[in-house]
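Visitor: Below is the structure I would like to discuss, written out as structure tokens.
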């Protein structure tokens, strides 16, 4: 088997960045209000009321982070996946997808975490602008304040990214084998919705812990991940770890549908655009 050419690697990287960035922005814009409600539900301690105003609070600043984070994730995931699929036997393709998803998640976390911290502080009404949020957090909590809850973020996002992309890719492989053809956009969207909703439900407790650690600010109610879990269970009961599961499953299910639908259609359009010059050169 021939080694992948450097040009091919750069092409996969570039197309992944374009497709990932496009899909990320579309999803975030469409579903931001649901994400805001979910965040407020998880941040509320006890029986606190949830405000339904300002559901798009922090969207502009968040898109500034979502675009490069989504682009970086897919840009790393796609070439890593292609390389691992060549290294692993066909019956271990799931391992390749899991590993590529985790590696992509680690790369994107460098941008995702500060974006998520600022977004959730704004969603819970602590700040009115992204620039003000960054300035205040950095001055009061230091640079590490922008990475508050980084450990819990990885605890949630690495399994989430790995599981979601693995489920999606494996279902696509099985479906394509059964149908004996390439999947169309609606089929990719349906598979994406199922993979997203299932993964979202499984990882809800991790999401609650991450949210509590990120929005606590300088108050430091929780000393870490394990203290956060113990405090939540002691003060609010185990069911509090499933707070926001309904909007989370709805949000990620719809988001998975849009993300993977846009991702695959963008990748296809880029591939078609790439093949046109090749076809023209053959005719010449």
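Even glycines carry a Cβ here, placed using N, Cα and C.
Annotations in TrEMBL come from automatic prediction, not curation.
Copied straight from TrEMBL:
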- 10-83: repeat 'Solcar' (REPEAT)
- 12-34: transmembrane segment (TRANSMEM)
- 55-74: transmembrane segment (TRANSMEM)
- 92-174: repeat 'Solcar' (REPEAT)
- 94-113: transmembrane segment (TRANSMEM)
- 187-269: repeat 'Solcar' (REPEAT)
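Burial and contacts for the listed features, if you can.
Guide: In terms of DSSP helix, strand and coil, the repeat 'Solcar' (10-83) has 59 helix, 0 strand, 15 coil.
Residues in the repeat 'Solcar' (92-174) partition by DSSP class (helix H, G, I; strand E, B; coil) as 74 helix, 0 strand, 9 coil.
Averaged across the repeat 'Solcar' (187-269), the predicted model reaches a pLDDT of 89.
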Visitor: In the repeat 'Solcar' (187-269), how many residues does DSSP assign to helix, to strand and to coil?
Guide: 73 helix, 0 strand, 10 coil
